[in-house]
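Peer 1: Below you'll find the structure I mean.
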Amino acid sequence: MSDTTAPAFDFQDREPFWQNEWKRRNTFAVPDVPPADRPKYYVLEMFPYPSGQLHVGHVRNYTLGDVVARYKRARGFAVMHPMGWDAFGLPAENAARERNVHPGKWTMDNIATMRGTLQRLGFSLDWDREIATCLPEYYGKQQKLFTDMLGAGLVERRDSLVNWDPVDETVLANEQVVDGRGWRSGALIEKKKLSQWFLKITKFAQPLLDDLKTLDRWPERVRTMQERWIGRSEGARVRFALHQPPAGYDEDLDSVEVFTTRPDTLFGLSFIGISAEHPLARKVAESNPQAAAFIEECRRLGTSEEVIEAAEKRGFDTGLRVANPLDPEKTAPVWIANFVLMDYGTGAVFGCPCGDQRDLDFARKYDLPVPQVLLPPGQDAETFVLGKKAVSGDATLFNSGFLDGLDPAAARTKVIERLEGLGAGKGVVNWRLRDWGISRQRYWGCPIPIIHCDTCGPVPVPDEQLPVILPEDVTFDRPGNPLDHHPTWKHVNCPHCGKPAVRETDTFDTFVDSSWYFARFTSPHAETPTVPAAANGWLPVDQYIGGIEHAILHLLYARFFTRAMHETGHLDVDEPFAGLFTQGMVTHESYRDDSGWLYPEEVERQGDQVVRRETGTPVQVGRSEKMSKSKRNTVSPVDIIERYGADTARWFVLSDSPPERDMEWTAAGVAAAARFGQRLHRLVASVAARDAADSAHGATGDDLRRVTHRTIAAVGEALEAFTPNVAVARLHELTSALADAERIEGAGIAAARREAARVLCLLTAPMMPHLAEDMMAVLEPGSALVVERPWPEAEEKWLAVQSVTIGVQILGKLRGTIEVPPNAPKEEVLAAAKSEPNVARLLEGKRLVKEIHVPNRIVNFVVAG
């Protein structure tokens with residue numbers, strides 16, 4: 001039987017067949033406690049929000065994880081590979097309002113749809129471990145974690161300034177404030193103090209920073225981002241007393257406290273900048289309408305660091321002045337500045353234009369003094385004049401009294417000593433990291449298990465009363481949190497004194513839900529949040545996979561939660577993820593015509609032109625970019641599965657480019673992947689029909705065996721290195737070698753072909769598992785499933801390099817090549833080179849002047865005459 005006439009792979013029939021076989025055998029289940037007879041390996045992809053439809057970015061993410069899981073299983077590991085749903089969140093509430101459907105029903109319907117798609121893709125998931133964060137079985141255990149953290153001093157309640165949407169009656173994150181208005185309601189946002197619950201992540205700031213060094217299987221980029229977010233800064237906290245404060249400025253308002261990393265430049269003080277939310281700014285605004293207007297302008301800018309950084313730097317002179325603690329005779333003005341953040345440091349900065357470009361630009365814009373206190377190397381103190389750029393890098397202090405002549409490091413030490421002696425400051429470590437505010441005025445979230453009693457204060461709900469279950473009989477016909485308007489759920493008796501009390505109606509930030517799910521997967525049906533033997537046996541996650549967009553918040557919160565769970569006795573590990581891989585996005589061209597954006601299936605290529613299918617009219621082709629519903633450049637995984645099969649989708653997302661890079665989704669690429677799968681199936685079927693299973697090896701098959709075993713080694717190395725695209729390339733090469741061997745006759749080639757076909761079944765299994773099972777069933781009927789077989793081992797004798805190709809030059813020009821054993825003696829190489837027919841012809845009659853031999857690389861003959 002030839003390659004072209006062998007039966008095709010009927011994916012519509014065979015993919016469901018093999019999925020049912022795996023399910024029937026419970027192939028991917030593992031016990032809660034890892035087995036003692038083999039090493040464990042925990043593979044986890046960031047679980048999805050159940051929006052209703054998987055997109056091809058999901059397909060890439062989960063395929064990468066599945067390749068790792070299947071490969072490690074074949075390598076003899078006990079592999080846990082679970083799946084769940086990050087199921088709370090605002091989109092469900094929006095759907096409830098827009099579609100008149102309960103968030104719970106909307107969410108669970110979406111989960112059912114997406115689960116079905118994942119199962120059609122053939123992922124090796126242990127579905128018995130499935131969790132959904134919106135179910136009481138999950139969030140009730142989360143409430144227990146919260147009360148335990150409260151008891152351990154890791155939770156506190158305090159007033160916090162928030163972005164309040166007066167129409168939606170809810171708190172908005174900084175990113176949800178656009179031009180001073182709520183992103184959904186459009187209402188002008190108010191700054192409001194609310195009592196909020198905080199998790200004290202700052203308690204772990206130092207270990208969270210230090211232990212980044214241990215995460216050597218994390219991308220350097222992610223570790224750097226976390227390091228900057230945690231933001232450890234050594235410096236000084238300096239108190240600047242108000243110079244001649246006006247009446248009414250009591251002792252809480254008679255000074256400005258500033259954190260600075262450059263106390264050595266205090267003699268360069270030009271101005272003090274305070275946040276629009278600083279108490280001093282609010283005090284000034286009470287009697288100054290212009291100040292109040294400027295503060296309102298700052299509020300409209302929002303509080304997003306990115307927006308503030310990009311905005312024009314503006315300020316308002318309060319008329320107040322402060323004294324320099326190192327030289328009280330010198331004073332400087334206090335400005336409200338739109339670039340000062342209240343939640344970093346003290347909400348105030350001291351401006352030293354000489355050493356900071358932003359301060360220099362601000363000072364020159366408002367014609368403020370620019371004291372020169374930093375002298376660059378090679379400059380003369382008598383003649384140096386600061387130009388348009390602030391001084392950076394090495395410098396010496398001058399015009400700075402007792403600091404003159406010192407370098408900045410030595411000057412910092414002396415300044416801090418002087419400030420502490422004066423009672424005007426002290427050396428401190430400041431953190432950019434802030435405690436995590438977890439209160440959200442939302443219904444569709446985990447209820448915070450607190451009861452507020454006028455007598456007892458906030459009381460944690462006792463363990464025996466957990467979970468606090470969300471009521472289902474709520475309505476969304478008015479603004480605000482439906483829990484506030486549900487009297488039978490809200491009003492309860494105090495667990496301590498029995499008096500009337502009310503439940504906390506805020507729910508957890510949904511980042512809480514995703515901060516410990518990896519631990520719950522280890523014992524998802526337990527009555528406690530974790531089972532120590534299970535959690536400590538499986539954790540940390542060996543390979544975590546997800547997008548770079550989660551590099552900071554989710555990953556940092558998960559690291560914090562792991563430490564908090566350790567401190568409260570739920571875990572014995574400190575880091576949740578030993579290995580992290582951040583995959584790139586899937587992109588697609590965009591298409592549009594006069595009617596607007598078009599879906600990819602609405603266009604087709606005709607020669608060099610792209611036209612609309614139904615009209616044949618040309619369309620405009622945009623660049624390949626992130627898929628988005630607005631530009632309709634999306635592709636449905638379901639459509640791909642139905643047209644080409646799951647294995648085609650899996651193969652394509654692995655083969656195009658390194659997984660950390662963005663990849664372009666193309667119809668041509670998918671079609672090529674489908675053709676390869678069919679070619680491979682026909683090839684293996686042809687070998688099965690042609691070559692007897694008991695064929696003996698012989699010399700005729702040596703070349704193919706060499707390719708086969710080198711492919712085994714190369715694919716294993718590629719999967720260990722997380723470069724599946726390289727594995728795909730090597731499998732293409734082995735497939736081509738096997739196809740070429742179909743034309744060879746002789747003793748030994750049949751056995752080599754069967755070996756190559758069998759190896760192709762085993763090596764393609766992590767990527768195209770259905771096809772691999774089907775090919776093996778054709779090649780070895782009635783034998784074990786591929787998923788139950790070990791990974792093949794490469795035989796060393798076939799890995800050794802048999803020969804090297806050496807170029808032969810005459811006067812530097814390549815005239816031929818020879819094959820010789822590696823590291824062959826020079827005399828042997830030169831003799832072979834002179835015997836090469838073309839070289840021998842060209843050397844005839846010439847005088848050899850010099851013979852140059854570079855071992856294993858090249859021979860060059862220098863001739864004359």
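Going from the start of the chain as shown, residues are counted 1 onward.
Each Cβ is built from the backbone N, Cα and C atoms, and glycine gets one as well.
Predicted, not measured: the structure shown is a model, and the values here were computed from it.
OK, Swiss-Prot features for this one:
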- 48-58: motif ''HIGH' region' (MOTIF)
- 626-630: motif ''KMSKS' region' (MOTIF)
- Lys629: ATP binding site (BINDING)
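For each listed feature, how buried is it and what is near it?
Peer 2: If you look at the motif ''HIGH' region' (48-58), the same-chain residues 6 or more away from its ends with a CB under 8 A from one of its CBs are 85-87, 89, 91, 107, 109-111, 113-114, 117-118, 132, 547, 585-586, 627, 634-638, 640, 649, 653, 665.
Remark: secondary structure over the motif ''KMSKS' region' (626-630) totals 0 helix, 1 strand, 4 coil, with classes taken from DSSP.
Sequence-distant contacts (6 or more apart, same chain, Cβ under 8 Å) of Lys629 (ATP binding site) do not exist in this structure.
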Peer 1: Based on DSSP, tally up the residues of the motif ''HIGH' region' (48-58) by helix, strand and coil.
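Peer 2: For the motif ''HIGH' region' (48-58), the helix, strand and coil counts are 3 helix, 0 strand, 8 coil.
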